[in-house]
Amino acid sequence: LHSVSPLSNTELSGGVALAAKYRKTNMVIKNICCIGAGYVGGPTSCVIAWKCPNINVHVVDISEMRIKQWNSDKLPIYEPGLEDVVKECRGRNLFFSNKVDEAIKEADLIFISVNTPTKTFGIGKGRAADLKYVESCARKIAEVAEGHKIVVEKSTVPVRAAESIIHILSANTRHDVSFQVLSNPEFLAEGTAIENLLHPDRVLVGGEESEEGEKAVEALSWIYNHWVPKEKIITTSTWSSELSKLASNAFLAQRVSSINAISALCEATGADVSQVASAVGQDSRIGSKFLQASVGFGGSCFQKDLLNLAYIAECLNLPQVAQYWLQVTDMNEYQRTRFSKRIVECLFNTVTDKKIAVFGFAFKKDTGDTRESPAIYVCSHLLEEGASLNIYDPKVSEGQIIEDLTNTAVTDSPERVTKLINVQSDPYEAVKDTHAIVVLTEWDEFKNYDYKKMLSVMKKPAFIFDGRKILDHESLIKLGFHAETIGKRFTRNALHRSSGESFPAFSWVM
Ligand code: NAI
C-alpha cells in the first residue's frame, strides 16, 4: 500500500477540471453515503475517501457493534493495508455511524452495499438471493431522501433487481424528490481488497439509457476516475451490469471446480495436477490464473452467486443452463468430501478419539472471513467421525470457529462438538500429541514452520494432509511425515492405500 502514491498534482487538477465539467450538469458529488459497513462497503468507502479528499464519505450500518469496531483500533475486518487507509481518512472525510437517515439526507450519491445471502425459507429457498436487506434500504431511502439522489446498487443482486428498487423508490417518494438508479457491482477479492480497489481490472457501471441515466453514470464514473483510468471504466445497460457480476463469479468458481475435477483424475491415475495445471495454463487462451487445485472454494459469494444464477435460469425455463452451473457447486462439495474421506482412510479408517491439528479456518489467506469456508465442512466431517480437533488460524477468533462448527445447520449435536474442539493460539501447541496435521487455508506462515520440531511432539506415524498444496511435501516425507495432498499420490504411501483406491490397470486404453 505504501508504494501507492497519494494523488499527484496532475490528478488533482484533473479532478478539478472534471468537477467543473460535471458542475454544468448539476451532478457534482460532494457527499456519499454507503449503506452497509461490511467486507465490501467498508473497504470501498475507505478507498473512495482516500482517493477523493474533497468528497465526504459516510458509512452507515444498522449494526452498532460493527460501527463501534470501525471507529476503534480493532477494525471489524482484516484486510492488508486497510488500517493505514482508515487511519489517514477517518474523521477527515470518512465517517462511520449508525445515523442512516441523516447520512441518506446529506448524500448526493448512495451506495447500497448490504448483504444478499441465499434465501433460507419460502420460494427459492436454498437458491435465490434474499433481497430483504436491499429492499429495506430502498424503502428507507424513499422515506427520508430529499432532492435528487443517485442510488447505486453495489450489492450482488439478481438481474433486474434495479427495476424493483426503482419501483419502490418511485412508488414512495414525494414530488420534489428524484432518483437515478445505477448498477455498480464490486469485483474485489477478500484478502486483496485494497489492492483490487486501487488497481481494478475494470469498474463496471450500468445505467438507464436516457439523458438523466447517462448523467448519473458520468457522475459515478467521475468518482472512480480520480484514480482509475477512463479505459477501465466500462459502462453498460443496468441488466448487463447485474448479470456480468454473477457471470464473473460463476466463471471463477467454474475454473476452481474444473481443476479440482482434474485433481481427482490425477490421484486415480498417478498424474500430478500441478504439472497438468501448468501445462494447461500456458495456453494463452486459457491462462494460468485460478488453476490451483485445492480442497475447494469458499467465501460468501461463489456458492451464493452460482445458486442465484441457476435459480434465475430455472425461473426463465432454462433448466439445462441451471444444471450446468449447479455442477460447479456439486464438484466443490465432492472435493471437500473426497478430501475429508481421504483423511479418515489414511488414518487407518478411523479417527474416533484421535487428535488432529487443523491449520487454517478462514476461507482463504489474509482474511478473517469464514463464510462457506471449506474448513467448516472438513472439520464437521472429522468431528462426526469422532475426532477431536486442535484448530489454529492466525486471524479467526475462537468465538467465530465455535459458532461456525456448532451451527445447527452444520451439526445436530452442538454440545458434543464444543467438547471436541480446542481453539489454539500457538501452532506448536496445536500439534502436540496429534496424529495428523490438516492444512485447510493457504496462510503463508504455514510454509515456514519448523516441521521437524512439530513431528517430534506428534504421535507416530505422523500424517500431514495439505488441502492447499502449499507445503514442500518431499521435505516433509524426508523428515518422516506421511504426506498427502490434492491431485498427487506419493508412491511411498502406496502401502497405506486401501485396495479400492489403487491405480486402475488402464485396460480401457488398449
Ligand atoms: P457483509 O455481511 O459483510 O456486510 C453487509 C452489512 O450490511 C452488514 O454489516 C449489515 O449489518 C449491513 N446491513 C444490512 N441491512 C442493512 C440496512 N437495512 N441498513 C444498514 N445496514 C444494513 O456483506 P459483504 O460481504 O460486504 O457483501 C455485501 C454485498 O457485496 C453482497 O451482495 C455480496 O454478494 C457483495 N460482494 C461481496 C464481496 C466480498 O468479498 N465479500 C465481493 C463482491 C461483492
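Glycine residues also receive a Cβ, built from the backbone N, Cα and C atoms like all the rest.
Bear in mind that TrEMBL entries carry predicted annotations, made automatically and left uncurated.
Taken from TrEMBL, the feature NAD(+) binding site applies to 36-41, Asp61, Arg66, 114-118, 155-156, Glu190, 301-304, Arg371. Taking a C-beta cut-off of under 8 angstroms and a sequence separation of 6 or more, Gln303 (NAD(+) binding site) has the following same-chain neighbours: Thr118, Ala253, Phe297, Thr329, Asn332, Glu372.
Feature annotation from TrEMBL assigns active site, nucleophile to Cys301. Cys301 (active site, nucleophile) is surrounded by 25 other CB atoms, counting those within 10 A of its CB over all protein chains shown.
For 357-473, the entry in TrEMBL reads domain 'UDP-glucose/GDP-mannose dehydrogenase C-terminal'.
Candidate binding-site residues: Asp61, Thr118, Gln303. Those with a Cβ under 6 Å from ligand 1, in sequence order, are Asp61.
Listed in sequence order, Ile35, Gly36, Ala37, Gly38, Gly41, Ile67, Phe96, Asn98, Val100 are the same-chain residues at least 6 apart in sequence whose CB falls under 8 Å from the CB of Asp61 (NAD(+) binding site). Mapped onto DSSP classes, the domain 'UDP-glucose/GDP-mannose dehydrogenase C-terminal' (357-473) shows 43 helix, 20 strand, 54 coil. For the recorded site, Thr118 (NAD(+) binding site), the DSSP three-state label reads strand. Secondary structure at Gln303 (NAD(+) binding site), as computed by DSSP, is helix. Rounded to the nearest whole angstrom, the C-alpha distance between Asn115 (NAD(+) binding site) and Cys301 (active site, nucleophile) is 10. The DSSP secondary structure for Tyr39 (NAD(+) binding site) is coil. Rounded to a whole number, the C-alpha distance linking Tyr39 (NAD(+) binding site) with Cys301 (active site, nucleophile) is 11 angstrom.
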